[in-house]
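Chemist: Copied straight from TrEMBL:
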- 1-29: signal peptide (SIGNAL)
- 19-112: domain 'Ig-like' (DOMAIN)
- 132-214: domain 'Ig-like' (DOMAIN)
- 229-306: domain 'Ig-like' (DOMAIN)
- 312-400: domain 'Ig-like' (DOMAIN)
- 408-429: transmembrane segment (TRANSMEM)
- 491-524: region 'Disordered' (REGION)
- 502-512: compositional bias 'Polar residues' (COMPBIAS)
- 513-524: compositional bias 'Acidic residues' (COMPBIAS)
Amino acid sequence: MMRRVLSAALLHLCFCWTASVSIVDYTEATAAPGNVVLLSCYNKDKVKPELTTWVKNGLEVGRSGGDSPGPPDDGGRLTVLHDGSLVIRRVIPGDEGNYLCSSTLQGNRSFQARVVLQVASGPENVSTSVSPATSLSNGTLFIVRGSSVTFNCSASSYPSQQLTWGFTGASSSNTSLVSSSGSWLDLRIDDVQPSAQGVYSCSARNSVSQQTVNKSSELLVYYVPDRHPDCMWTLAQDPSSVQFNCSWFGAYPTPRLRWRDDDDFQVTDSLSVTFNRSLLSDGQTLKCTAQHQLLRAGEEKQCSFTLKLPFPEGDPLATALEATSVTLTCTEATSIPPANTTWRKGMQQDELVPGSKYVILEEGPELKLTILNVSKDDEGVYFCRSENPLAVRELEVYLTVKTSSSSYTGAIIGVFIAALIVGTAGIVAKTVYSSRHRICLGSSFGQLEEERADVLSLMESDDEQIFQDAVPRLPPITNGRHTTLVQIHRIPSSDHEDVETADTSAQQQEDTVQTEEPEDLVTF
């Protein structure tokens, strides 16, 4: 047996020296454990080699043709075919290495081919996880804006692998985020924003076989705006109708809105409804309700407004002179929705149009009407008309136009009245001044009656003869006039006694008076 092997080796050596040898092929082959791999040798011109030998790492592993027996077939796993190819069944990691094929062809020609066999497996068991995240019914994941999220990927490959996290979003496509050659790979994103929404893919690639396995997860970023929905209105061409708009932009996914409690929610971020005057009333509150998946059960966000009738205000009376200008002012600031306010003239309420005669100026809630070069034709009633989808309200203003002569007449009358008042005051003052003594006397006697309850009896000197003996006389006055005597008698005060009673009492007490001294004497 040893002799035959030695003979074959010597024969092979001789062929190497005598035959022309050319290595014309180099290939690489990859096989997974447990699979079958075919290593080709000479496959040109479909020529069948006379002898083919396969050597791995310097050791012969298979032969075909010739008289010499081949090496052990390793349980039938390795077989050399008639065309010189080597078949390896149930590949194991130990089968990898450098294989050299030597083939002897007709005409004393030889051929050699080198094949590098690599045994590789995987990637296998590729798995991903995203936390914290909530899974929807379709497998899509979502997180809340502003939170932190961690992505994990793991796989197994032989002999080695490359793991990569990639991202495809609205603003990027197949962007590589992080890579590693280990068995697992983590990716963390803090303060997640809507731009992070997209598809995250973990790619596991075998470094030898270049076989790649991808596993993806779609991540959604949910968020709701901090503000409430916006309620607005749009006035239609028909003033008795109005369109109410409710919008809640900036929420993901799309929120659900409704205007009335008996309506169904609609998946939209903007909802409009139209109402006519028959469905609206003063003080009515319209409310838009919004729902979102991030809001807790029963939690809603709303916007609302209360409808109000128009109420124009202003001065109902105005006066102007001919050939001048006058401005009528109307204010309307309470209506919801805002009213359309116009100026109209006459009972027919003809709408006034700005021009050479009328100037209409709107300053905030005020609507001013200026009438230029006023004439008698401008006199009459004007209406400030305010209308919103609830109702129409009017302010009636009456304009009186006066001529220039009427103004002069009024001035003359005013001057006359002023002069009359001043003259009357002077006459009254003069009268009071001339009667000042009488006024003082009356005042003195009135005070005397209140304090002492005395009765005054005044008599002319011609009638006092009966008292001459009893009452002392005063010296006569040089001017020859008689002297008036006043005798005061103290009697009880009574509001119901008569002056005549006092005189009678005085006569009855005449004798008593003659013996008594008078209490008081007053001379005028």
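Including glycine, each Cβ sits where the backbone N, Cα and C put it.
Just so you know, TrEMBL annotations are computer predictions that nobody has curated.
Walk me through the surroundings of each of these features.
Modeler: Note on the domain 'Ig-like' (229-306): its mean pLDDT in the predicted model is 91.
Residues in the domain 'Ig-like' (312-400) partition by DSSP class (helix H, G, I; strand E, B; coil) as 3 helix, 50 strand, 36 coil.
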Chemist: Checking distant contacts: for the transmembrane segment (408-429), what same-chain residues at least six beyond its ends satisfy Cβ-Cβ under 8 A?
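Modeler: Contacts with the transmembrane segment (408-429): none.
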